[in-house]
Every structure is written in structure tokens, then in C-alpha cells.
Amino acid sequence: MSGSGAAGAAAGPAPPAQEEGMTWWYRWLCRLAGVLGAVSCAISGLFNCVTIHPLNIAAGVWMIMNAFILLLCEAPFCCQFVEFANTVAEKVDRLRSWQKAVFYCGMAIVPIVMSLTLTTLLGNAIAFATGVLYGLSALGKKGDAISYARIQQQRQQADEEKLAETFEGEL
């Protein structure tokens with residue numbers, strides 16, 4: 001049973017990011033935002049570590065770790081010195097957009113909670129924006145007002161027909 005489950009998972013359909021209707025340019029925008037967020041986290045994290053305040057140092061180390069994780073997930077070719085970089089990137093690609101959004105936004109909020117400074121806010125802004133972009137893709141494309149009104153009209157007609165049938169059945 002475990003062998004068939006592993007074979008089914010390996011031969012499964014395309015990653016959920018494609019199933020959710022992300023266009024190629026939006027996917028690249030999310031990846032670019034992730035790489036830029038990693039660079040901003042790394043630079044701000046280094047500046048944050050140049051202090052004597054322990055919470056600033058902890059936030060700076062967390063930001064550098066965020067930068068590494070963002071690069072590992074969004075641009076594994078930048079981390080080829082890590083043997084498992086491609087494996088991690090493939091697993092992250094299989095995550096749904098809302099899961100990536102929660103993960104990236106959560107990673108970006110932790111250093112801000114540790115040390116609320118301008119450096120941590122600016123350094124984590126792009127990383128947080130990456131999570132927001134993935135969250136927006138999880139919401140998906142919404143229909144226009146005309147098609148929504150048409151669907152509502154069809155539902156209303158179906159409800160009226162059901163109501164008429166129940167009245168006819170009682171008489």
C-alpha cells in the first residue's frame with residue numbers, strides 16, 4: 001500500500017501552482033519578489049547584527065536565515081553548494097499558494113516581533129510582499145459582474161421552479 005502511494009504521488013499531475021491558474025508571468029513575479037526579498041533580508045540582517053543589543057542580533061540572524069530559506073525555495077540555483085537545494089525547491093513548488101503565503105509572511109513577521117526597528121521593517125517588507133503575492137494568487141481570478149449576475153439569475157430561476165413544484169405538489 002505504501003509503494004502504490006509513493007508511485008501515485010511521484011506520477012501525479014502538475015504542481016498545484018499550475019492548477020490554481022497562475023500565469024507564467026505572475027509565477028516569475030513571485031519568484032523575483034522572493035529573490036529580492038532574500039537580498040533585502042540578508043543586507044538588513046547584516047546591518048542588524050552590528051549592534052550590542054541581543055534582540056537586534058537575534059532578529060538579524062533570523063533575517064539572514066530567512067534570506068537563505070527564500071533563496072533555497074525560490075531560486076535553488078543560487079544555493080548549489082547545498083546538496084538538497086533542488087529537492088527542497090521541488091517540495092516547495094508542490095505546496096499550494098496559500099501555504100507559501102502563510103510560510104513567507106510568518107517568516108517575515110518573526111524578526112519584526114523580536115526587534116521593531118526601521119531596519120527590520122524595511123528588510124522584511126519585500127519578503128512579506130512575496131507572501132502577499134502568493135496569497136493573492138491563492139484567491140484566484142474572480143469573475144466579472146456580468147457573469148456573476150447571470151449565475152445569480154440562473155440560481156434564482158432554479159429556486160423559483162423548485163418553489164412552484166412544491167406548491168403544485170401540495171395542491
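Cβ atoms are placed via backbone N, Cα and C, with glycine included.
Feature annotation from Swiss-Prot assigns topological domain 'Cytoplasmic' to 1-31 (among others); the stated evidence is a curator's inference.
Swiss-Prot lists 53-56 with the feature topological domain 'Extracellular'. The DSSP breakdown of the topological domain 'Extracellular' (53-56), given as helix, strand and coil counts, is 3 helix, 0 strand, 1 coil.
The topological domain 'Cytoplasmic' feature in Swiss-Prot is assigned to 78-101 (among others).
Look at Swiss-Prot and you will find 142-171 (among others) tagged as topological domain 'Cytoplasmic'.
The transmembrane segment annotation in Swiss-Prot covers 32-52 (among others), and the record cites sequence analysis as its basis. Within the chain carrying the transmembrane segment (32-52), a Cβ under 8 angstroms from the stretch's Cβ atoms is held by residues 59-64, 66-68, 70-71, 73-75, 78, 104, 108, 111, 115, 117, 119-120, 122-130, 133, all 6 or more beyond its ends.
For 57-77 (among others), the entry in Swiss-Prot reads transmembrane segment, with the evidence type sequence analysis.
The annotation transmembrane segment is assigned in Swiss-Prot to 102-122 (among others).
Per Swiss-Prot, the feature transmembrane segment maps to 125-141 (among others); the stated evidence is sequence analysis. Listed by sequence, the residues of this chain that lie at least six past the ends of the transmembrane segment (125-141) yet keep a Cβ under 8 A from its Cβ atoms are 17, 20-22, 26, 29-30, 33-34, 36-38, 40-41, 66, 70, 74, 96-98, 100-109.
Packing against the topological domain 'Extracellular' (53-56) from elsewhere in the chain are residues 114-115, 117: each is 6 or more residues past its ends and has a CB under 8 Å from a CB in it. Sorting each residue of the topological domain 'Cytoplasmic' (78-101) by its DSSP state yields 16 helix, 0 strand, 8 coil.
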